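Record features, source TrEMBL:
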type     : residues : note
DOMAIN   : 5-173    : domain 'FeoB-type G'
TRANSMEM : 216-235  : transmembrane segment
TRANSMEM : 277-299  : transmembrane segment
TRANSMEM : 319-343  : transmembrane segment
TRANSMEM : 355-381  : transmembrane segment
TRANSMEM : 393-415  : transmembrane segment
TRANSMEM : 453-471  : transmembrane segment
TRANSMEM : 554-577  : transmembrane segment
TRANSMEM : 589-612  : transmembrane segment
Amino acid sequence: MSAGSLRIALVGNPNCGKTALFNQLTGGRQKVANYAGVTVERKEGRFTAPSGRLLHVLDLPGTYSLDATSPDEQITHDVCAGLYPGEAPPDLIVCVADATNLRLHLRFVLEVKRLGRPMVLALNMMDAARRRGIVIDVAELSRRLGMPVVETIAVRREGVKALVAQVDGAMPEAPPAQPDDAASRADLHAQVRELLAATVAMPRATDAVDDALDRWALHPVFGLAILAVVMFLVFQAVYSVGKPMTDAIADGFDWMGTHVAAWMPAGPLQSLVTDGLFGGIGTVLGFLPEILVLFLFILTLEESGYLPRAAFLLDRWMVAVGLTGRSFIPLLSSFACAIPGIMGTRSITDPRDRLATILVAPLMTCSARLPVYALLIGAFIPSHRVLGVFNLQGVVLFALYAIGILGAMLVGYVMKRIRRDKSEHALLMELPSYRLPKPRDVAIGLYERGMIFLKRLTGVILALTVIMWFISTFPGPPPGATEPAIEYSIAGHLGRALQHIFAPIGFNWQISLSLIPAFAARETAVAALATVYAVGGDAATGGLGHALTVNFPLASALSLLVWFAFAPQCMSTLAVIRRETASWRNVAISFGYMFALAYVASFITYHVAVWLS
Ligand SMILES: Nc1nc2c(ncn2[C@@H]2O[C@H](COP(=O)(O)OP(=O)(O)OP(=O)(O)O)[C@@H](O)[C@H]2O)c(=O)[nH]1
Ligand SMILES: [Mg+2]
């Protein structure tokens, strides 16, 4: 340890507030949510304590015990035991415990103590504990454990002051290291009982409000009905709240585009700015409000503690289709993006269940597909009222999310049928307390999502858009050409070559072409179509939506929507599958089955739609 700095590791059972504490200490913006298994990687941050000392803080995945059974728990174990490659053991372990659930959490505290390293116990969630009338004799607990004990409330700024003072003060003495064997393990239970009896007065074991809510939320029939209604309302909200804002942004960009164009001399540069930048990037940017509205709901649900209940309700169904209730949370993260979803599977203990979840995660509709859906739905689906109250566009969007989920169930079921090991695992999961979402955490989450979207927009999407503009513009038409200029460009040739593959499912060459950049980032399909049609001169009047309705039959649009629901995901997703499973074979399986599924489903959709119309 260098004289001026100290390395601290935050450890504890899942969902006890380690990350909330980490964010308060370091000003970090790591994800906090009300269920187990949110953090799956070690995250480092630092801050300067009042004494001027630099404190390095490590946030670790939660773990129920130090004999790690899943990849994220392994990380925690290795860091604490000083076995993590390339990392010295921490100078001080801050063990975080949920004060409302000490029966479970103290066991882990005792386990960590046996490592024989200097440690401090943070009794977190003291606000909730006091509300429930739990009284803890902190001085006695500290004396019996032989370590400093600090009460904290990680969701309030002032709630962590005492902890900072403690870690910034004199280093606590390390407890004696103890061997880790079966006998001493059995002993832990007895010790926890003794500690609880001597230091904690618990008026009632569980919260009356939680119990009352759970009678409805976990009811096998009403519970599922509530879940369906909640999900349906979320998608309605995306349309009724997000759409007007999206339209306003699109109009604003159109207006700016025409004005900027008026200032510039005609030529390739003007075309790049108006067709490529305002046409392409502007169109994608317009979908930010819809993404934010969707995530406002998802983050609120995450913080409320409702989601693990949904996992519990769906467990039976998930097992029936070859997944587990534990797959629920990673699959849910995949609605943001398959990448965090696939990384989130690290909390699934069984490698077989984990792989099944990884393979179906990309079928969940990620937020990058939302612009594509929104564009096509806006152009082709009339905004009728259904049953007087629901917006038809919202219903179609809901249906698209639903076919992704149904597709995942189908694929899970097929995998279950073909694998040899048919054992099933019961879901063991703690249900967290219900909690009113903290505006700050939701705001952090929204900010992070928004920034991810904007960074993609100014990075990969911008680059791809410029490339699309370039290949759509050059080479220019030969003298005396009769067709639109774009027909002679690289894009024209490439698109027509690809069309051989995609014509049977109803795609014209422009769409076939837009699938190439979409493989790098889904949203670019929108930017690419905007650029291609703008360069081709079709989008000049009435915007991209209009250009699409003129150039595309409805059957092609439906086929394209279905294609995007199932098609192999972007390259980054495949790269993460490779990293998480260390196997190219899984990448090939994933790509291959999704391509086949998408092609067959689009083929059927296209031909049925043509036949019906
Ligand atoms: N009322 C209250 N809620 C808290 C407190 N600390 C954390 N929370 C909430 O508890 C939940 C879990 O917090 P996290 O920080 O994500 O927990 P974690 O220990 O990092 O969980 P994993 O990463 O899954 O191991 C979130 O909903 C927080 O808002 C607290 O002191 N009081
Ligand atoms: Mg965490």
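Using the three backbone atoms N, Cα and C, a Cβ is placed for every residue, glycine included.
In the predicted model, the domain 'FeoB-type G' (5-173) shows an average pLDDT of 88. The transmembrane segment (216-235) makes contact with the transmembrane segment (393-415): 3 or more of their CB pairs lie within 8 A, with pairs spaced 6 or more apart in sequence.
Most Cβ pairs under 8 Å to the transmembrane segment (554-577), among the stretches 277-299, 319-343, 453-471, belong to 319-343. Counting only same-chain residues 6+ beyond the ends of the transmembrane segment (277-299), those with a CB under 8 A from a CB of the stretch are 33, 234, 237-239, 241-243, 245-247, 249-250, 253-254, 256-257, 260, 332, 335-336, 367, 370-371, 374-375, 437, 441-442, 445-446, 449-450, 453-454, 457, 461-462, 465, 468-469, 523-524, 526-528, 530-531, 534, 539, 544.
Non-local neighbours of the transmembrane segment (589-612) in the same chain are 358-359, 362-363, 407, 411, 504-506, 553-556, 558-560, 562-563, 565-569, 574, 577; each lies 6+ residues outside the stretch with a CB under 8 Å from one of its CB atoms. Within its own chain, the transmembrane segment (453-471) is flanked in space by residues 271-272, 275-277, 280-281, 284-285, 288, 291, 367-368, 489-491, 494, 517, 520-521, 523-524, 527-528, 531-532, 535, which lie at least six positions past its ends and keep a Cβ under 8 Å from the stretch. Below 8 angstroms of C-beta separation, residues 231-232, 235-236, 238-240, 243, 317-318, 320-323, 331, 335, 356, 359-360, 363-365, 373-374, 377-378, 381, 383, 386, 561-562, 565-566, 593, 597, 601 of the same chain, each at least six residues beyond the ends of the transmembrane segment (393-415), sit close to that stretch.
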